[in-house]
């Protein structure tokens, strides 16, 4: 009588759960463990791996992505600690909370106390600090996927998280969305642990629930746009979703009320008057559609371009993982957030960053399932032809993901739009040597970092682009339409700067003007190979006034 063949579905399920019988010792499979040293044997080891990776990641990010990384976080923190720095129009309207900039204000205070505020450290330290937060987010994504799917899926989820080009490019930046993503992952883990615990004690379950809600509330407060991210955590139950109606949930739980109260007091202290930032943000962006001033996209942009580009070659693995795992509630949370953001006219990649790890978790499930098929159904010492084919497919999948994501990650982090940061680092060193008296930026607004990188209190001027009345062009738009005419009007009432910074696309039009006013080129920085929104801006050029 023949022995019954093991059920392949059961074998794969056991493997995905990381059972002892399907460990890395099986030579027929592609494992992430070593039989002698298991890198994933403890949370400390996983965190150490993530921390080392993100530290290197932060040093390799040398390009400019979104102005808010500098202008809404570091610039504000610099002003708090050093007494100078530019506050954009959002701060005059009270639609930004000081909670996120305060994180970096503490860093700046530490650097100032120990005299570490040199040009290099002012440029690198904030991202190194963010890399610590990001590695915590990586760890909690691993723990969350381990909690939901098991060890093997958690390992491949971490692989996807660390090799995805957009996470590498964006996650160590000082955008509030990055910290929001970390807090969301932590909240998801604690909330899921509470919901899924089989026999939780009353104290433990309440503690886990409170931790999840507390971290989600921090995410909500530190950036009002993350109101949708809190839905990820609270939507695990229909009752929680109902409680989110308008502002009621902000006051329905003692923990969340305490976080709101502390943040309210912080903003009251920093603004100098009482204000409720989430309400101000709601009025401006939703009731008056103020965010649309900076551009709008079609409703399907996240599906057809934004989120798809962020996933890149992980997209097919994500789709397969969704259907294989059949975790429709988890998929529904991701779709819910993307759907809500799709209703807004103004869309950006970073807005949906908090749900990208969830998509990568599905990719991890798909990869783990592919690996589980290698050697799972035969007991022979010699691998079968079918096993060899599956192993080949696994290696091809890994090679495909690495060869598509790593070059993209390195190019976007080291090359594309690097001129903005290079020019400010150059000016910061020049200013420290007293070679810079004042700077005029003849380029679109917020095209470079500002005082947080220069770190010298010298007069600087950029072209304003604050929202104005409909039909009235701001300075940045007027300059882009007619650079020569704009500067001709500008010189009628200006204090001549020692340095002018502009893109090479405008340099050709303003060459005569620069020569007439005794400006000569002193430095040229590569910026990008490709056109971004406007004409090709291949180089950023620095001109200095001849003494």
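The backbone N, Cα and C atoms fix where each Cβ goes, and this holds for glycine too.
No curator has checked TrEMBL annotations; they are predicted automatically.
According to TrEMBL, the transmembrane segment annotation covers 165-191 (among others).
Residues or ranges marked as transmembrane segment by TrEMBL: 228-248 (among others).
Look at TrEMBL and you will find 268-287 (among others) tagged as transmembrane segment.
Among the features that TrEMBL reports, transmembrane segment is placed at 299-322 (among others).
Residues annotated as transmembrane segment in TrEMBL: 328-344 (among others).
Per TrEMBL, the feature transmembrane segment maps to 351-374 (among others).
Here the transmembrane segment (394-414) has long-range neighbours at 30, 60-63, 160, 163-165, 168-169, 312-314, 317, 367, 370-371, 374, meaning same-chain residues at least 6 beyond its ends whose C-beta is under 8 angstroms from one of its own. Annotated transmembrane segment per TrEMBL: 394-414 (among others), in sequence order.
Scored by C-beta pairs under 8 angstroms, the transmembrane segment (351-374) has its highest count with 299-322, from the stretches 165-191, 299-322, 328-344. Only sequence-distant pairs (6 or more apart) were considered; of these, at least three Cβ pairs between the transmembrane segment (299-322) and the transmembrane segment (328-344) are under 8 A, so the stretches are in contact.
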